[in-house]
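Noted in TrEMBL for the protein shown:
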TRANSMEM  43-62  transmembrane segment
TRANSMEM  69-91  transmembrane segment
TRANSMEM  147-169  transmembrane segment
TRANSMEM  176-194  transmembrane segment
TRANSMEM  200-218  transmembrane segment
REGION    227-251  region 'Disordered'
COMPBIAS  227-243  compositional bias 'Basic and acidic residues'
TRANSMEM  257-278  transmembrane segment
TRANSMEM  284-303  transmembrane segment
TRANSMEM  315-331  transmembrane segment
TRANSMEM  375-396  transmembrane segment
TRANSMEM  408-429  transmembrane segment
TRANSMEM  435-457  transmembrane segment
TRANSMEM  469-489  transmembrane segment
Amino acid sequence: MSTTDRVRKLALLAGSVALTVAVLAAHNSPAAAYELSIYASTPAMVWGGVAAAFLSGALVAFTARVRSGVWAAAVGLVGGATLTVFGLPLLRGYEFYGVGDSLSHVGWAREIAAGAHDPTNLLYPGVHSLTVFVGRVADVPMTQANMVVALVAIPFVFLLFVPLAAELIAATPRAYTVGLLVAALFVPINNVSVHPNTHPASQAILLFAFLLYLALAYTTGDLDAGRGDESRDSAGGRGDRIHRSAGGRGDSTASPWLVLGTGTGVLLVLASAAVVFVHPQQALNVALVFAAIAAVQFLARRFAANRALAAHRPLYVHTAVLLAVFFAWTPRFDRAQGAFTGTIESLVQSGPSAGGVVSQRSASLTVVGGSLPELFGKLFGVATVCSALAAGLLGVGLYRRYRDSDALVGYVGAGLVPVVGVFLVVLASNAGDMYFRYHGFIMVPVSILAAAALARARNWAAHRGAARAGAAIVVVLLLGLAPVGAVAIHPSPYVYQPTKHVTAAELDGFGSAFEYREDGVEFAGVRGGPRRFVDYHYGTERARTTLSFPGYRDAIPPGVFAAGNYTDAFGDPRYIVLTERDYEREVGLYGGFRHPESGFSAFETAPGVNHVRTSDGVDVYVVREDDA
């Protein structure tokens with residue numbers, strides 16, 4: 001064993017110990033109360049261990065022989081460190097993670113588990129069904145099962161298939177390592193419309209990496225070794241397969257409609273259909289990508305029959321199956337039809353433009369001490385770098401007129417065209433911040449192309465006698481971007497957002513308030529009513545159809561909150577629930593911008609307001625005019 005090998009193994013050992021210590025430290029320091037920032041509340045030992053593990057794993061993965069045991073261990077160490085950061089709420093013992101939509105999705109999952117709601121009557125039952133499956137198999141509460149799905153299982157799929165897709169496109173030995181480090185940035189997560197917590201659109205976006213890899217692998221036949229190509233089992237091994245992927249040695253003799261003869265084709269059909277049940281909107285985006293690739297393949301077969309691209313297996317069947325499942329499933333739901341109609345109407349009606357929304361939020365950011373350029377850099381700085389790299393690779397391919405080795409780059413570039421077009425349409429409409437959801441989707445292929453660009457750049461430098469310099473530049477760039485990406489995975493004051501921590505006391509406090517409330521007395525709360533907790537406790541479907549919960553969405557007007565004149569404002573009796581999360585968000589993060597500290601203090605002295613229930617971090621007040 002050489003000295004270099006010993007150093008690599010010692011580095012892996014040190015990194016593994018560091019990661020183990022980090023995981024144990026996180027597990028042994030559970031959140032005792034609401035945490036405004038998961039980053040600040042997590043012990044420094046955790047961050048030190050994760051950083052050491054990631055750094056040692058990355059350096060060894062870049063220097064060890066590809067596909068060796070040492071390389072595989074290094075890749076596993078990088079993936080483990082990344083998942084530790086993404087799954088930190090689970091490790092830190094959070095009761096739940098995701099105070100908004102996520103609680104409603106758990107409410108649906110609880111109804112499905114109890115047999116009170118048929119998943120086929122839900123527009124996107126995929127994540128909910130997975131939650132129920134994990135909960136039953138592991139015998140854990142639905143809150144924990146849901147976090148396992150959103151914070152571990154689906155991010156793992158993203159981490160696995162982004163580097164595989166990058167390797168397929170770049171066709172260079174180090175592409176997988178580069179792809180893994182790019183995937184670890186989780187560029188699609190922007191915490192505006194794509195989130196780490198349970199949010200089916202976000203989970204579908206991350207799963208797109210799996211679908212895109214399968215699509216590219218199917219076209220080239222990369223996974224179907226031994227079918228019609230004896231060279232796939234030749235002594236050249238993986239090098240031949242990489243060359244085949246880049247060069248496009250597909251099976252031109254097979255029928256373009258025959259997909260059941262390959263395992264990859266069958267798997268892609270099933271996965272394409274399944275994504276509809278995770279989130280139909282994202283499934284339609286996938287269909288647009290597949291349709292664009294299929295169109296390129298059709299044109300290549302018709303007008304460039306001698307090119308390797310024309311010999312690839314086409315995606316006609318998969319595109320047709322995906323669209324068929326989408327149109328068979330989605331129109332059954334009024335919500336889907338309403339979303340489509342609303343987007344069309346927003347194009348022709350006046351309303352707040354994207355520029356107006358940005359200006360408004362920029363003004364709010366300035367008040368709390370931030371700025372739009374600063375926030376953009378924090379949320380989208382890494383995405384901008386990756387976009388530039390992807391654009392460079394597409395530009396090189398275009399300059400070379402997409403020769404055979406650029407075929408897969410051309411596919412991904414073609415797939416981006418219709419999705420970017422939809423993004424621009426939504427951006428021009430008055431559809432809120434929906435365009436950030438399309439941005440997240442676009443960032444999946446952009447991440448793959450960026451990784452392929454870096455891998456090819458490193459390979460280009462190696463062929464010109466600058467292997468070490470090229471590798472050093474790539475490593476330094478990716479390791480420099482890693483902490484920038486890591487601190488933006490979870491919402492925190494760093495990006496002017498509170499962590500989406502839900503404590504056990506908060507769930508219990510709302511549950512007690514609902515159980516012992518007077519019939520007919522409405523609720524109200526800071527920035528909105530208790531609807532998410534109503535969804536969780538009563539079941540989301542019941543809450544939205546038959547429950548008629550009083551004050552389901554009612555918010556305390558900011559002016560009333562600041563003045564404390566509740567009896568004049570409400571007239572009828574009201575329950576008001578204040579949580580530690582409300583106080584930390586409004587006072588600790590936003591400095592009392594809309595809800596000042598004096599407003600929280602006034603509840604103890606305001607006329608007609610009585611403190612009727614308290615628990616750790618949850619206080620329930622009742623407002624009655626006759627008590628004033």
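Glycine is no exception: its Cβ is also placed from the backbone N, Cα and C atoms.
Automatic prediction, not curation, is the source of TrEMBL annotations.
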The transmembrane segment (200-218) versus listed stretches 147-169, 176-194, 257-278, 315-331, 375-396: most Cβ pairs under 8 Å: 147-169
Selection from 43-62, 69-91, 257-278, 315-331, the stretch that has most Cβ pairs under 8 A to the transmembrane segment (176-194): 69-91
Beyond the flanks of the transmembrane segment (284-303) by at least 6 residues, Cβ under 8 Å: 208, 211-212, 215, 219, 256, 272, 275, 309-310, 312, 314-316, 318-319, 322-323, 326, 410-411, 414-419, 422, 438, 441, 445
Contact check, the transmembrane segment (435-457) vs the transmembrane segment (315-331), 3+ Cβ pairs under 8 Å, seq sep 6+: no
Contacting positions for the transmembrane segment (257-278) when only residues 6+ beyond its ends and CB under 8 Å are counted: 124-127, 129, 200, 203-204, 207-208, 210-211, 214-215, 217-218, 221, 223-224, 227, 286, 290, 313, 316-318, 321-322, 325-326, 329-330
Long-range neighbours of the transmembrane segment (375-396), counting only residues six or more past its ends (CB under 8 A): 182, 185, 187, 190-192, 365, 406, 409, 413, 439, 443, 445-447, 449-450, 452-454, 456, 481, 484-485, 487-488, 494-496
Segment proximity, the transmembrane segment (43-62) to the transmembrane segment (469-489), 3 or more C-beta pairs under 8 Å: yes
Within-chain partners of the transmembrane segment (315-331) [C-beta distance under 8 Å, separation at least 6 from its ends]: 123, 215, 218-219, 256-257, 259, 265, 268-269, 272-273, 275-277, 280, 283-284, 286-287, 290-291, 293-294, 297-298, 337
